[in-house]
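Here is the structure we will look at.
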């Protein structure tokens, strides 16, 4: 085969090993994703600090990278590498055959031109027999290489993929196991989101970087070395000449990788800011909507994606320059080699065959060097990604929950001693929490800890569970330092129930079973009865088999708390820790649960932390804490007699406890209004969500969302299941798979860029057919008139400079302008989609289909997937189509018989390309489904690691994780063999084409010499093969396009959704509110649980300036009233009026600007305290003095002032740097600074200690003056002064009136107050 065959082979090799430049882009993006979350400054801006840069380049060594492989796997790596090296060496050796067959065709053409004389100009006698012999030798060599390349592809890919999967499987298991054994202080600085990224993304990078691409890197390096050896041995002079251009080509190859890496990092880091906005906004959507923060979040997001777009355009610019330069340098090297080579052939110092062999070998070797760069970059990426993984794997926890060390032989009685304990949280070492704490609890005693927020009460529980170790002093149990007790043994003998319980996304039965191994059904039912949970569980459609949802969102707050209490009681622990265990229960439930807890406390040591003093008045010992120290100790009677801190706390509570319950569908629990439907539906939706997330994680590497290869029934079923889930998701979004025309329609604002890119791509499509004409014309010079040899040879050599200019310009323009169009489309769709999402009603977010993780995935991954449909890959498709049509036309012009043969063989080549795409497709579709369940388990365990460790269930979650990995791991091993088989086939079909084409060409020349002369055969062959050599570049587009059609269907479907309540709409009446509220026969059911009606004809009215208090049991509909007033939902029946206007006629945004809400569990944002207080307001309209005054009213100013950074202190993600009471007071300040006309208080003071509550309640009482206030509260002292108290039961009001009136009526309200007065006495 002639010289251009080696170039074509190089181009094919580029495609065959999936080294298209877009893969370099993917690799570069993956290099930085893991680090983006750690490089956000105090303003939420992305920064690249010195440490961040060092982290990015920190890599493990190659031996360390493979340290989790067995001896057998290392042997397979060696075999795979050896075959790859041999294969790489064989490719340049093929150039020798190309030189020989080229010389044979030239010789035969010379004989024909000499009118049958068999003597060549060199004097050699060259007969037909010689010609047949030379060509058939090459044909048989090609046939051998067809088989050899199939076997080589099979061995190399299978070995590497098998080893990569085995190693990755071990790493996944060990990584999760290592995470779960780390101490809690480590999690304070290593957020679950970052760990999840490492689990999914980093491990995928390691898998990719240790898989078949490394084999390809060895093959390219071998090809590079061998290529130059062959070149120097055939013509060292021409080799040196070509080396003048080769560095440029190699430089271009590395420039592509470098520019892609650099700008992909910039783009990804800039979008990290946007992704953070999305996650924070969607996960806290009720808070954002109620505070009118939507436009602020849209602006933040728009700014971030605009920055990402600019980085993407710069990426396209440098990519275009690099592509253009590389393509142009190829043709420049042709021109230089041919121009000089012609002279040497003319002088007799070089023959044509050696010239082409040298040229082919140098081109093949130099291109291999450039192609090895991206592959080695993938290895470098894996080394960098593995660094973060191995850092966790190698880290020895300070407190190792899996350690077997420590005493297990002791029979715990429950004596607890805290001796001179000093402690600060590692994440805030400058803020001391405990300052010499001393206390003693005797076995069997019930001890209560009371004090203001931040005094260190909950810290004692954390230290008892050994979440942390003390800095000074010690804590002992039965005289043994807790540090000397086996950790698992300790935690299995201690049970804790916290204020905000963590439930797992499984059934109620499975959640309770986590409390005790081997629990019987009888024990579970008994525990649920004690926790007052049995009754409500029986009312659920699936009883104990009811799925509780992500974080228990299918249950109300009180229901979640009772499940958590039951989970603790089944353990029958020696030590029971109750941290606000009944704070979320209504009075009726709390009374029963408290009795159960009182019974449970008998015979065991119990430590109670409670703001409601009625829950601790019967404690054996009450310990008052202040500023991290114990200030007084005694029982209730003794401490009341002392009239100290405890006395002050008690007297501040007129009534001690609850009337009401934790509201159904809590406002602050962002997804809590999602209701239980059925177990099957819940499972399918949750699986669908994880499928989507995992699919997006995997599809960010390579591949498409289509079926995998059909090998057997089981594999076919898995592929179909994955596709059916995707189709189901499209159906759930009322969408259909999109197409190119719809994508182009959405890109029409950028029509000019598209026109320039597509036009230059069309022009570029004629370059390769023109190249085939120029090249065969150059070859024909060697068989033509010797007198014109030199001039004609130089002429056609210089014509390649024309191609160089055309190719360079076209490559640059189409890459750059298609990049502009695609990046602009990405920006537009991200902004449109985010705006559309934020304009949806709250019921939209209650659906698991629209969980924050899914929406984040849509914006972060699906939109970029859509972009790939019209980026530079699309321009290569246009170029390829034009090139193929023009090339086939030329082939038929030169010789239709030969053209028909080659075209007949092309489907086999296309099938090979299909197998390659199919290979990647199957891999990614399976990844979407196979790892879904395991990923869900891992993420949930990591996010709730405190609960997991407190339950001593690390092994349970680890085993569940491993169990879910088994089937996908086995499928991946099978897939390694299938991929090797298909890859070997794809790698060999092109050699089969050459075998058949040269054999038929020889037959045509012999049988029909007048029509099919050697040069006509070559013109036909090169017209098609050169023109179709770009097919390899184009094939990388179609897997991406398949992803784009699925992603686009979902995205465009979402964009077509019109919200029932558009929070961003300008429509509706904008009136100044005075505060009159009327509910008239309102009926309502949550969208996710339409069969359960919450409000059943609720009616009431509140005059301007009045305060209405709503009390009643859990699930009666109190918090639903708040949600409807905020117009999170619309009623199913009845009407709601504000100042005489039906709420549906009012502009939602304007109305909410005059309403403020404070909920039980406030949501704070990861910004400063001041920014949290003024969130949703125009910063220019609020002075710092107003902020400080609001903080004073909320009794938080002094605390803020004592912080090192004051109001500029960042509160952490969801306010994690603050205690519950501190977060609540900031939320109250946030409400007060708004000066609302209507104030909604949903358990506004429930999280506050009594001392703080007294001051805050006074502030709220003052804040109520002159405005309408609707209060939901457990503590009756917060509602007794209300103008009207309404008792809600089963969705209706059963009695209402003032405190005095209701007390005189001696109804439901009276009974509750009497109960509390009895406790008070």
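Including glycine, each Cβ sits where the backbone N, Cα and C put it.
Within the set 171-191, 192-212, 213-233, the record from Swiss-Prot flags 213-233 under the feature transmembrane segment.
Feature annotation from Swiss-Prot across 115, 505 places N-linked glycosylation site at 115. Residues 125, 511 are shown; Swiss-Prot lists N-linked glycosylation site for one of them, 125.
Of the given residue ranges 300-320, 321-341, 384-404, 405-425, Swiss-Prot assigns the label transmembrane segment to 321-341. The distance from the Cα of residue 1112 (ATP 2 binding site) to the Cα of residue 850 (N-linked glycosylation site) comes to 31 Å. Taken residue by residue with DSSP, residue 1115 (ATP 2 binding site) is part of neither helix nor strand, so it is coil. On the backbone, the CA of residue 1119 (ATP 2 binding site) and the CA of residue 190 (N-linked glycosylation site) stand 35 Å apart. A 10 Å cutoff on Cβ-Cβ distances gives residue 1115 (ATP 2 binding site) a total of 24 other Cβ atoms nearby, all chains included. Taking all protein chains in view, 29 other C-beta atoms sit within 10 angstroms of the C-beta of residue 1118 (ATP 2 binding site).
Confidence annotation: the topological domain 'Cytoplasmic' (1038-1321) carries a mean pLDDT of 84 in the model. The local packing around residue 850 (N-linked glycosylation site), expressed as other Cβ atoms within 10 Å of its Cβ over all shown chains, amounts to 23.
In this structure, the recorded positions 115, 190, 1114 were compared by how many other Cβ atoms lie within 10 Å of their Cβ, and the smallest count belongs to 115.
When each of the listed stretches 144-164, 321-341, 350-370 is scored by C-beta pairs under 8 angstroms to the transmembrane segment (213-233), 350-370 comes out highest. Highest Cβ count within 10 Å among the recorded positions 125, 1119: 1119. You'll find the Cα of residue 115 (N-linked glycosylation site) roughly 83 Å from the Cα of residue 190 (N-linked glycosylation site). Residue 125 (N-linked glycosylation site) falls within a strand when secondary structure is assigned with DSSP.
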